[in-house]
Amino acid sequence: MAPLALVGVTLLLAAPPCSGAATPTPSLPPPPANDSDTSTGGCQGSYRCQPGVLLPVWEPDDPSLGDKAARAVVYFVAMVYMFLGVSIIADRFMAAIEVITSKEKEITITKANGETSVGTVRIWNETVSNLTLMALGSSAPEILLSVIEVCGHNFQAGELGPGTIVGSAAFNMFVVIAVCIYVIPAGESRKIKHLRVFFVTASWSIFAYVWLYLILAVFSPGVVQVWEALLTLVFFPVCVVFAWMADKRLLFYKYVYKRYRTDPRSGIIIGAEGDPPKSIELDGTFVGAEAPGELGGLGPGPAEARELDASRREVIQILKDLKQKHPDKDLEQLVGIANYYALLHQQKSRAFYRIQATRLMTGAGNVLRRHAADASRRAAPAEGAGEDEDDGASRIFFEPSLYHCLENCGSVLLSVTCQGGEGNSTFYVDYRTEDGSAKAGSDYEYSEGTLVFKPGETQKELRIGIIDDDIFEEDEHFFVRLLNLRVGDAQGMFEPDGGGRPKGRLVAPLLATVTILDDDHAGIFSFQDRLLHVSECMGTVDVRVVRSSGARGTVRLPYRTVDGTARGGGVHYEDACGELEFGDDETMKTLQVKIVDDEEYEKKDNFFIELGQPQWLKRGISALLLNQGDGDRKLTAEEEEARRIAEMGKPVLGENCRLEVIIEESYDFKNTVDKLIKKTNLALVIGTHSWREQFLEAITVSAGDEEEEEDGSREERLPSCFDYVMHFLTVFWKVLFACVPPTEYCHGWACFGVSILVIGLLTALIGDLASHFGCTVGLKDSVNAVVFVALGTSIPDTFASKVAALQDQCADASIGNVTGSNAVNVFLGLGVAWSVAAVYWAVQGRPFEVRTGTLAFSVTLFTVFAFVGIAVLLYRRRPHIGGELGGPRGPKLATTALFLGLWLLYILFASLEAYCHIRGF
């Protein structure tokens, strides 16, 4: 494209102008000394250079043809190298902007039931940041060039700054969008998500250039008055406020609900008043998307709460998808993959894509892939450091610490374990029994003694006698305690207690509990607790049913689940119904209920498990006695007494025969979601923390790999030849700009301030080089600005938009910001420069004069072509195309050719008017 424009400009320079002036030759330069001279009436470029803001004139000022060619090459190469420098410092500048706009605040959300949760949301509104700092970052060279040109030339209006702003707007509107349309893979399309915001920014973009024409050619032709300049500057915050109101659905949006649809015949978007919308395209919600209330969100509430809930849902969906792809990995292993996946697929800012494009072009590597590799390297030593350190001491404890026995068992055996240590010492540890509800002498035999662990021994057993009786009684328990550890050498001789590291110690559990179960009763059946909290990620929950106060005979115990707020049948849990059979002397059984894991961030549903009446099986004489009723034979007194005792011993339900199970969100899953939300802040990816990190990045060459893997598992490839070439071409700028303060300092503002000063310095050099290049080859500043300077400042944005179009699921980041930045360029770039100059000349009592013809013609031409471009983009939202970007091959190629053609026509007509081949205003 650039070569075509250069050929066109060369032909224009060779053709005779409409005014009939003689064509200049190298040996006889034209009389005007600078463009300000020719701007009043001349149609040819000047061959006589004037001092710039920073660069002096290259003497002698009347060189030969060969010297002119050499100078032109030097100026052009220097200008290109300066553009590379601006791109790299803009990388730092945009990183600072990303850190500033990514600043978060904590919010407390109160739900309907009174519970509160704390989360973090961004302070900066996305639309406001895109139109202010983001637009300033991407358009800083154009804006600063306009300001520096006016201030550096005695507050005289120039052609380079305004021409660059209009030319850059044309390049962004036509070439950048054409590239974005073409690079979308076949069969795919991208739509603008925030269409209301796009309408507002597009309208302001058109209005900005219409307003520019009005103040140049209608209100006060050839003069910019103070009120016109100041009003141009004031339009910038007004534009931001209108875009913010559209994004927040203020004004009439809050009073009227509209349902939008596309007419199948005409493709026109139709709105109708009605119920609250479930899916509105203008809201940025794709057709078929679930409403917030349907997603278990917070419903109506603050925008911050809905934003936080949406972030959580995105992370949860990512974890669900990764679990299906990698069922063999646990949650901790998925965190790293999920972090990379979330960073890769989340909607990114204009700053990120600008930084990504610059680093890929300059051999600095893929931002996300380098971040994932650095995170993996940091995690490896952290995992090793997390392992428990052994102090070398032996640990002595009960294993297990809970024991159950029937009262007719005679004795119970307890186990004591010696674990760890060097194994070359002898340990003496005392034990003794302690009463609980069971009493020594009546329920068990009191015991005390000493256990001796010789070198190499790891386990000892001690036996406690149990006393049996024929009295029906509740279950009872007593304790056995370990105490008084002494250490001996290998021969068993006691060692003095030194002040160094101990060779052994008693650790929990030091106390063993022994429960004596009565064997004179069939048992009381119940759950251990009335309430059981389970995590939804458990899969299957094991519920224990205990048999206390006896364990005689075989008992069958029915059970079933009952719905509460949780629903069975596979919704929240699987229904369970059956029977547990307790054998003789069996005191515990486990039933299982399967929990469905739907991975919700917050959850609290309940259901119940109920026990039925126990049935006594294989009861022997007791069965006969209990089954005998008022038959033909009356029971004897002995049989009546036996029946009464048997009736007392039959199985019954205990107090806890109904268990409430509360299904809650997984604590680990919730922590993982919160951790990922914090990690997916792009400011952590592109920001820097120290000068050391910046200098290491500056001297390191990495592979410029644009293709992303969803799990980041592909091995990092070696840099290509292009990566090495670009790295060595730009290593001077990289090392120089590594001196800029890291983005972590002062929350990014230190980097912001230093970067914009450096960009201003380089922009002043670019302006001088462009002017000297133009006067050397006889190219007017207006044409030079539209072709070369606008192209140089917009190349990084082109690559950034291309990456955004390929990686984002919507078109906002790639083309949605084009219209906003075009408006900001006029309101800030020309508003600031012209306000300063108009006020200066008003104080001097003179008007601020601006040449009307070329600039007014370019503005009008761009406005007409922009109307055509925006209309085509809106037409492409018809169903058969699918969106502003991509679509079927035929419409895609046709639209790309149309936009490129509009840009070439703009260059052609602007150049023809500048050289008087056609009449302007």
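Note: Cβ is positioned from N, Cα and C throughout, glycine not excepted.
The signal peptide annotation in Swiss-Prot covers 1-20, and the record cites sequence analysis as its basis.
Taken from Swiss-Prot, the feature topological domain 'Extracellular' covers 21-68 (among others).
Positions annotated as topological domain 'Cytoplasmic' by Swiss-Prot, on the basis of sequence analysis: 91-130 (among others).
Mean pLDDT of the predicted structure over the topological domain 'Extracellular' (153-164): 83. The annotation topological domain 'Extracellular' is assigned in Swiss-Prot to 153-164 (among others) on the grounds of sequence analysis.
If you look up Swiss-Prot, you'll see 186-196 (among others) marked as topological domain 'Cytoplasmic'. Across the topological domain 'Cytoplasmic' (186-196), DSSP classifies residues as 2 helix, 3 strand, 6 coil.
Annotated topological domain 'Cytoplasmic' per Swiss-Prot: 247-720 (among others), in sequence order.
Residues or ranges marked as region 'Putative calmodulin-binding region' in Swiss-Prot (evidence: similarity to another entry): 248-267.
If one looks beyond the topological domain 'Extracellular' (741-747) by at least 6 residues along the same chain, the residues whose Cβ comes under 8 Å of a Cβ in the stretch are 92, 95-96, 98-100, 103, 683, 686-691, 693-694, 754. The annotation topological domain 'Extracellular' is assigned in Swiss-Prot to 741-747 (among others).
What Swiss-Prot lists as repeat 'Alpha-2' is 790-826. Among residues of the same chain six or more beyond the repeat 'Alpha-2' (790-826), those with a C-beta under 8 A of the stretch's C-beta atoms are 2, 5, 79-80, 83, 86-87, 90, 130-132, 134-136, 138-139, 141-143, 163-165, 167-173, 175-177, 179-180, 183-184, 190-194, 197-198, 201-202, 204-205, 207-209, 211-212, 232, 236, 239, 243, 284, 344-345, 347-350, 353-354, 356-358, 360-361, 706, 708, 766, 870, 873, 883-885.
Among the features that Swiss-Prot reports, topological domain 'Extracellular' is placed at 792-822 (among others).
Residues or ranges marked as topological domain 'Cytoplasmic' by Swiss-Prot: 844-854 (among others). Within the chain carrying the topological domain 'Cytoplasmic' (844-854), a Cβ under 8 angstroms from the stretch's Cβ atoms is held by residues 39-40, 155, 157, 159, 163, 216-217, 221-225, 229, 782, 834, 837-838, 910, 913-914, 920-921, all 6 or more beyond its ends.
The feature topological domain 'Extracellular' is assigned by Swiss-Prot to 876-892 (among others), with sequence analysis given as support.
Per Swiss-Prot, topological domain 'Cytoplasmic' is recorded for 910-921 (among others).
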